[in-house]
Structures are given as C-alpha cells and as structure tokens.
Amino acid sequence: MVLTLGESWPVLVGKRFLSLSAAEGNEGGQDNWDLERVAEWPWLSGTIRAVSHTDVTKKDLKVCVEFDGESWRKRRWIDVYSLQRKAFLVEHNLVLAERKSPEVPEQVIQWPAIMYKSLLDKAGLGAITSVRFLGDQQSVFVSKDLLKPIQDVNSLRLSLTDNQTVSKEFQALIVKHLDESHLLQGDKNLVGSEVKIYSLDPSTQWFSATVVHGNPSSKTLQVNCEEIPALKIVDPALIHVEVVHDNFVTCGNSTRTGAVKRKSSENNGSSVSKQAKSCSEASPSMCPVQSVPTTVFKEILLGCTAATPSSKDPRQQNTPQAANSPPNIGAKLPQGCHKQNLPEELSSCLNTKPEVPRTKPDVCKEGLLSSKSSQVGAGDLKILSEPKGSCIQPKTNTDQESRLESAPQPVTGLPKECLPAKTSSKAELDIATTPELQKHLEHAASTSDDLSDKPEVKAGVTSLNSCAEKKVEPSHLGSQSQNLKETSVKVDNESCCTRSSNKTQTPPARKSVLTDPDKVRKLQQSGEAFVQDDSCVNIVAQLPKCRECRLDSLRKDKDQQKDSPVFCRFFHFRRLQFNKHGVLRVEGFLTPNKYDSEAIGLWLPLTKNVVGTDLDTAKYILANIGDHFCQMVISEKEAMSTIEPHRQVAWKRAVKGVREMCDVCDTTIFNLHWVCPRCGFGVCVDCYRMKRKNCQQGAAYKTFSWIRCVKSQIHEPENLMPTQIIPGKALYDVGDIVHSVRAKWGIKANCPCSNRQFKLFSKPALKEDLKQTSLSGEKPTLGTMVQQSSPVLEPVAVCGEAASKPASSVKPTCPTSTSPLNWLADLTSGNVNKENKEKQLTMPILKNEIKCLPPLPPLNKPSTVLHTFNSTILTPVSNNNSGFLRNLLNSSTAKTENGLKNTPKILDDIFASLVQNKTSSDSSKRPQGLTIKPSILGFDTPHYWLCDNRLLCLQDPNNKSNWNVFRECWKQGQPVMVSGVHHKLNTELWKPESFRKEFGEQEVDLVNCRTNEIITGATVGDFWDGFEDVPNRLKNDKEKEPMVLKLKDWPPGEDFRDMMPSRFDDLMANIPLPEYTRRDGKLNLASRLPNYFVRPDLGPKMYNAYGLITPEDRKYGTTNLHLDVSDAANVMVYVGIPKGQCEQEEEVLRTIQDGDSDELTIKRFIEGKEKPGALWHIYAAKDTEKIREFLKKVSEEQGQDNPADHDPIHDQSWYLDRSLRKRLYQEYGVQGWAIVQFLGDVVFIPAGAPHQVHNLYSCIKVAEDFVSPEHVKHCFWLTQEFRYLSQTHTNHEDKLQVKNVIYHAVKDAVAMLKASESSLGKP
C-alpha cells in the first residue's frame, strides 16, 4: 500500500516546503545551478500556513509561510511562481530511501522518508528530489529512482519499534493524515471538537474554536469562536486548522485515542463521539504578515478582514452559497480587526482512506510508548504518538453537542429501585397486562437482591469508592443535575430519527432523583440503593466517571458539554447508595432480574406490537432464518457457560438511540459482553476470548489493541464484568417459543437443537443466584467446531443411527460412481434451499432420520486456529420449509478418507439440472441455469432468461407476482434483473441538467477512473458539464486529454433523502419488488428493527460516472471488484451518450462482446436500440474464497505484497479484465454473470456476491440496500471478516447490526404466528 493520494496535489496548508530563489543564490539563472552541489544551494525551509486558493497550477498562487529559524511574527506571503523563484518543493508522500545505517555506517539500509514533490522547477532538478528521513530534521537530495513506495505498512511498523523517535514520528504522520482527511471533508463527526485556527493577527499565532457543524458538500466547517464571534465558516483547505487533542493513550501494541462506541440515532449509525485527532507538534517559527485583500476567503471566513492575497480564480469570486450549506449568520468584523486562521498539520502523505476514528481513553502517562505492550500490531493502522514531555488529553468529537436540545433521550422506564416513591405510567400498566409478560414480571427480584449484595463485587468496588466519599447536600446535587433531561417511561413508537430532518423529538423532561431534595433526604435516611439516572458529570465529582463523561468533563467550554445523559456508559446501569454518613458511593450494577415491563417488552414477541407483516411472510421468514436464530442462542449460551460460577453477570438495559459497540473491533454488541466497572470500557465475546487465550498462552495480542483504563491501567480480562443486554431469561424463552411455534406450524427445523433430548435451550441460572447450569451431558455444539481453510463453516448432517456412531465410521449414504447427481458434490452448501411442496415422498424409514439432531464431527487433530464466538453462527443451514426429498438430501452426507466432509446435495440444483434444455457431463462446458417456466411454478409473470439461461430478467416492474418468481432464483444466490423501470420514473428529475441547476456550485471530489487519482477543488457543475460533452470535460495535466471521471461520495453520507426529497419519493414509489426493497418491505428484515434502536443506513446512494469507451479502457473499471454486506438493488435511471466521440457504438459493442455477454444481450443493443449503461460482472458468494486466492496469486506474480489486515476484494484494488476472467474460470472453475445494464434496468446483487462495474456510457445509477431472509448467512460471514480489516476500511465498522436484525425479525414472526394460532384452531 502506497501512502499517498495518487499523483493529484492534496492541500498545501500545513505542509513543509523548500524554496530556492535567484536572489538568494548565484546570479544568471538556471545555468549556474550545479546539480552536483544541489545540497549547498541556498534553500529556505518552513511551513505553509495559508494559501490564496486551492488550484496549485494557477500562476497567481500565493502562500503564507513561516520560515525555519525565524519568529512566527516574521511570517509573510510569497508568490510561488515569481520570476526570481527557481524551485519550490512541498512534502508529498512517504517512501523508502537508501541511507547508511546509523548503527553500522558501512551498511546501506532502506529507511522511511518523506519525499518532496516539485511544484516549481526552473533550476533543472529533473529526477533529483529532496527527502527527509524520519527521525532527522535535515533534508537530503537523492534520485527519484532510488525511492521505493511503501507496500507493507505493518512490516514497516514492526521494524521501527526499536527506534522510538522514528516510530513516534511515523505514528504521528498517520494520525495527522486522518485529521486532515476529516477536516478537508467537512466531516459532520467533527461536531463538538475543539480546533485551533491559524491567525494572521500580529498579536497571536492561533485562536481556539469549536466545530458546530460540518458541511461535506462545501467541505467547510461552521465554528463557534469566542475570540472572533463573527467568524462562522472556515475552509481548512485555505487556512490551517488543527483538531485539539488533550490526551493520548497507549492501547496494547499500538496507541489510539479513546473511542466512544455509543451510536446516536440522530445520524443513523455514525459515531456520536468519534476519535479525536492529534494535534501537531509545537509549531515552527514563522514570519511577518503582509497585508492582503479580503477576497481570498470571502464567505469562507465570514467576518474576517483577511490578510491574504487576492485570487484571480473565478471560482473563488462571488461564489454563491452551496446548497445545504450552513446559513450565513455571521456579521463582518468591525474595521481594524485582522484575525485570521490557517492550519499547521504536517504533510498529509498518506493514502489510507480513513474512517473517522473515535475518541478512546482519557488518560496517559509518560513512557507508555516505550513499553513492549505498545508495539504496533499488524492489523491496526490507527497509531498515535505521544508528544515529548507532555501528556495531552483528548477532547471528544461528538455529533450531538451542537444539537443539545435534540439529543435522543432514553425512553425507558426506571427499575423499581430507581426511585423511592412508586411511579408508573399508563404504558407500563398496559404492557404489564400482556399475557406474555406475566411470568417474566413475576420473576423480577426485589430491590435488595442485587449485585452489590455479593461479597465478590463489593471487594472489587471498594477501591472505587475510597476516593469518592464526600458529604453530599441535596441542594448541591440538585444544582449539579439541573441540566439533565428527564426520561420518559412511556413506550415511544415513533422513530428516533427521521431522514427528512436531523432532529429528534425530545421526550418530556424528567429530573433525576438527585435533583429532588426530599427524595435525596429519604435515600440518605433509608440507605436504599438506586439506579444512576444522570450522567457521571452531573453526579458527585469524586465518583468514578465513565469514559464518555470523563472526556466530556475535560472540555474547557462548559456550555458545549453534552446535556443528555444517554451517552453516559453508566446511565441506567450503575447503582448508587448513600452510606450511613450521607456520602454517595457506588453500590454495584443492575442484574438481569431487575427488569421492568418496558425493558422486557422490547425483547418478547408481543402480538400487539407486530405490524407490517402477515402469516405467510412470518412463516417464510422463520423458515429461512429460524436456524440462524437458534445458532445465535446456542452461541450466547456457550459464552455464558464459560463464566466462572462465582462471577456475577450485570444487566445493561438498552438505551433508546444508542448502539452499543465493541471498543476493540467496532462490532455491534448483541447481548453478552464484558465491561470494565471503572470506566465502562466494553468488549465483545470474540475479542474477550482472543485476549484471554493470548494472555494464558503468554502471546502478544496483536490482532486488536485494547485501550487503557483510568491512570493508564491495563484492562485485564479477569477484571472485566460479564454483562448482558437482554433482560432476564428472555433470550432463552424466545428460543423455546421458536421451537414450539415451528412444531405447531410444521416448519422444519434443521438447527442443532432440533432434537429436544439435548435441551440446548435449557436456561442458565441467573448469576445473581450464584449458580451455574452444568452443561454435562450435552452434546458438543457448533461452537466446538474448528474452522477449516475456508472461513465458511460447512455443516455435516448425519441422521438416524449414525448419530451415535463415531464420525469415522459413517458411510456414504449415496453411491459415488455412476450417479448423474454426483456433480452436486462440488457445490458448496451456502445456497438456501427452495421449497418443494409439490412432491411428498413416502419414505417411512427416513421419516425419523429427518428430525434427528445432526451430530458434530470430532476434532481430527489439534488446531491452532482460534475459534471465535461468531463462527458458531456462521454455519450455513438449509431452509426449513422444504419437502421430504430435500431433507433426505440435506441429511445425507459422506466423508472422505481424510475426514473432510462432502458438501450436501441441494434439491434446487437437482431441479436446475433436470429442467435444462440440454444436459452434458462435460465439465468444460458452461453450467446451465434453472429455467423457471410459468407452467411449472403456476405463475404468469412476464420474464425471460439471459446468461445462457442463468439470469432471470423480469419484464414488468409492477407485476404483483414478481416476488414469487424472484424468490426462486434469489434463494440460490443468483442475481436478478428487472427491466422497464425508466418508464415509471419522472425522467425530468433524473436528467443531468436538473442536477447541474440545483447543485452545480457544490464543491466535490472527483476520481479519475483510469488512474484512481482523486481530484479536489472541482464542483458538481464541472462534472455535469462534461457528462454528455467530451470536449467540455476536465483535462489531465500531462496529455491535456479529457478524463473519465466519477463523482466521489455524492451526495455525501446519508444526505440523499434530505438533499433530494422529490427524487427519493420518485424512486421509492417505483422501485420494483417493494416487498424486499422498500424500507418498510415485509421481506426486508431491516424493517423489523424497532425504532428504539439506531437504524442502519441502507441508502439510497447515487453512482455517477462517465463511460469508458476506448479499447484501452477495457482494463479499467468504474467500480472495482468488491462485495457488500447487504443485498442491493441498483437502478439505471439515466444513460447519457456523449457528443464529440467517434465510433462510439462500435466500441461499445466490442466492449460488450469482450465482456462475455450473451447473444440476447447483444440483440437488445443492436436490434432493440436500447441504451446500454454499464457492464457488470457478478460472482456467486460461494466463490468468494476462490476469487480471493486467485487475486493473491496474481498479486504475488506481480511482486505485490498481501498485508494481513488488507484484502484484495475489500480493498477494491482489482478489476478483472478479459484475461483475468479467463484465468479465473480455467484455474478455479469460477464463472460469473456478465450483465449489461440498459436504461431502466434494475440489477439485484445478493449480499456477499463479489461484483464489478464498467460504464459503457455516462450513467446515473441509484442503489438501495436491503436485508433479505435468504441471504442473512452472508451478513454473518462478512461481519466476521470485516472485524479483521484495518481501521481505515470503510467496511470495518459493523453498521448492519445483523444479530439485532435477526433477533427482532424472528421475534415478530413468532408473535404473528402465535397471534394466528387461535383463529386457525392451533392448540
């Protein structure tokens, strides 16, 4: 991986430079400059603090610089392209350069260095450039041929650990790049962050401000500055801005800033408090300011009488305010005020696309980086360095701080012991009367039976309380908590967040018990424990604070602190108590039996809460994902069984609008996890197991790094507290209900707990009873299986008497010699089976076998592969709603001599082989697909077949029977296409002219599809001007040829509905298969997630790009090979055929033919005169591992490295051209679907299916994601894969919450079936 932004120039502000002028050297010009003595030339060095404009190619470019060795007061503006200036070099990227070894001078080694790039070269440098080796202050000159790009960042980190100075600087470079990336993007996650803005006022160098809004469209920040109140908008590309960090903390084998994993519903899954960015080292000295006209910053620096040079760039003059940019609410400063702002960050030389890091720990000590535990891990790219001699403390970057009034409040009822006086609401009473809740409410323990009563817990909390004892007066407590928003016990059925606005409805205020002097007095007299109902910062200062509250309390501006307690990790979790002296202290934590009706009602199948589904849908969902749910429950039970009997399990109730995430791997926490009782640090089961296993074996835990506790103490696994989110035994109760309902409705169960004799869902005793259910007598579950070479675990289903025999004695149940079905053994078991209700086989011998529990194979040999918690639910399982023949086939498996299991034979593939027009046993021929004929399925749905009868194409997007036919192919993991949608859409809304008119002035990033280089400083109008006009396109610098561009992340993030409401409505009203694709679709499992939770962002998202028409362009992709965690429907809403390009049709036809398209597709283009937009290549999800192995093989052949935390598919670094596709088919037998997407076509891509896109003409595509019951298994696999990606991958964070989605989908399906039992006479 090369840490650079390609060949494009990033921003100049904050970068080091070298300048050479004729006035400072020999007279006579370039001829007198001797390259042999280039190091002796009179170079001047320094730092760029501001620029006149962002276009570095314009000859009027001026930069404000501070020269090394001079005071910052002597800063000045210089003309980069002046006549006297002979060279101007700026820091560009990180490379490896040869140098003599510091230890062994006669040895030449490769050393990381920052390379300078020539912005101006009139001195004849040519191939000579300057580099500065990390750890050195001086620059040297070397030939560019001696420089090598850095391919393996992780190996480099490990090699630098012995040199603390170099290691720290290397770490600081990465962090500063992350800072710069978010500042330049106008990232909304910076809201609430404190920043330093460079000032051109002679009296000060910097001034402080707080970010109150980020505008990704205009890439500007709206700030609140006390020193200059009129300053509202800042452009970090023009003036130096730094994010202020007050603290660094060392995390295991790397250093990271503290990360807040609580998610706000206000921005649908983005971090409420993202990782703080590091500030640069003490700024170098600088020089006097020359007065410059104010036209440079214009509206970008409102109210500032800028001291910067004028700009001749027409874009910088009189630019109207971009759409959706913050309102201009600042008045100009009075005359005489010359405060200004510029950034100071070191060069952003790094090319990792950063994900916004999150604020993590709050404390650090000197010397942490020198410890062995601080060595950099192979999978972690977020490395921070500790500045010398200081301990800086981070400020939280919170989304909610600028929206205090709209912060989501927890709509939760407080447990009974929370208030001394009894309180109840009508909603609580209504819920309590629900029959499903009666037995749960009867088991709710008394207030005296809690975690604090156990001696083990009290011993652990004593140290926490020793420093917190302080006499508390009621009035004092009341004043401290006066800003607390009251929580509501009323069940709120409204969404936490609507996409049409960024506001959330604040529930009616309810004050903390500590604000009521009478209640406080009663609590002091009785000594009764109560639940913390306010944030830590509003309680007594001496009590231990959680990580969020600790960071929040460090903010200098108290007005900007969060006033909502929901982001406190101890809110509605920790128990407090007044001792006999009236001192408030920590008493313990809630336990699973302390729930109330509202808390338990969120997790139980309550019939009155089920909307938007029907009986058939509920049966179908349960048949498809019921087994996955069972595996999930088994995994939770296994994890619970590993907890020592004497350990207490705490209960952390779900908080509305907050998503609990693992502080280590960013995975959404479903239920069981481990929490630090001192700071609230939380880790998932997988990370806990991995850490504990490594600690026991004495190995370094390098996969993920753990942040530190208060006072830099290490989080040891044995000191963490097991905690569950689902109250009581609700999880196991729902598991029992699932089996009961499936039995009553005849829904087949193929999960390991199908045989009830093993009682896998026997509910473990709650830990507050200090009892642990023994697991003796239970058969091994899927959690004991060891992964094979493939990350996908394949099930072995052996039924009947074979279940009791050793696995080695199992005989193949079907012949392997001449059967025409033997080819099915080569298929993976990942496909969901298709229903077969038409044929019922009478096989009494097999009837009992079908219902047996498939035993698990023993471990053939000790495995070194760590088996993770999630892997127990990654095993593909068959569809339960199937006929006897399918169950027979799924239950009949064979073992090879070496103990490996053959894949089950799948009924759907048998059908596929029987209905083909022609069959052949020749493996070299293309496999034919399943041709679903209306006469066979009983449907009358217009459709035809593409890709040699392997791709279903539905012709009527509004046909009510589409989803029935669609489902038959979708089950098998096949993509599907629907045509004719453009006839339903409002075409005027999707034309380029409408986008240009509405958004033309917005500033965006563009990507050159041929080079993947990022082009900054362009506008939306620049892109649309060349959309259908080749001569009017932006041209590259070298050949001055029109570039093939695509809009990068536009509209940004989740802004599609807000920016384009009419287009959103038009799309949602006409998108085909609304049962799957609409947000409220009955087969879209994401719709089952209650509004109580943070909803995942599933789009829509736009993809706008020019076409790649020339023969040379066939090796490039508009979107390289990648895969997505969710299903997607991609709609071609507009195809633009550009002017000024000859022989377009001939080249497009050749590209279609070269792309392996079939004859019918070519006929659509030639005879049907349809507009082809894009060429897709989609591969089956089951072939992902083969494709990954192939790409790694090719990269090794090309001399490229394969870092452990990177992936050739997830990196999106490959496009498979014809030669690579041919090799993939010949060497690995992998063939995909070559699909040409015409205007109005909708391509449905299954979750986990690798795919790539090559635009034939200029295209506007819109994609909507969804979660279908047929492909949930791929979501599991991908979520586990993404945990191991580097922190800079956009897919690293688990935003889908697949476990929560499955749980609530099953819960609602069960509720619907139970509600229908009485009407259908079910007992």
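Heads up, residue numbers simply count up from 1 along the chain you see.
Just so it is clear, glycine is given a Cβ too, placed from its N, Cα and C backbone atoms.
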Can you find which of H1177, H1206, H1251 Swiss-Prot lists as binding Fe cation at the same site as H1122, D1124?
H1251
Pick from 885-889, 1020-1024, 1260-1264: which stretch is listed in Swiss-Prot under motif 'LXXLL motif'?
885-889
Can you list the residues of the same chain, besides H1122, D1124, H1251, whose Cβ falls within 8 Å of the Fe cation site's Cβ centroid?
T1119, L1121, L1123, A1128, I1245, A1249, P1250, Q1252
Reduce the DSSP letter at H1251 (Fe cation binding site) to three states and note it down.
strand
PLDDT averaged over the residues of the domain 'JmjC' (1060-1283):
91
Measure the Cβ-based neighbour count of H1122 (Fe cation binding site), defined as the other Cβ atoms within 10 Å of its Cβ.
19
Out of D1124, H1251, which of the binding-site residues has the smallest number of neighbouring Cβ atoms within 10 Å?
D1124
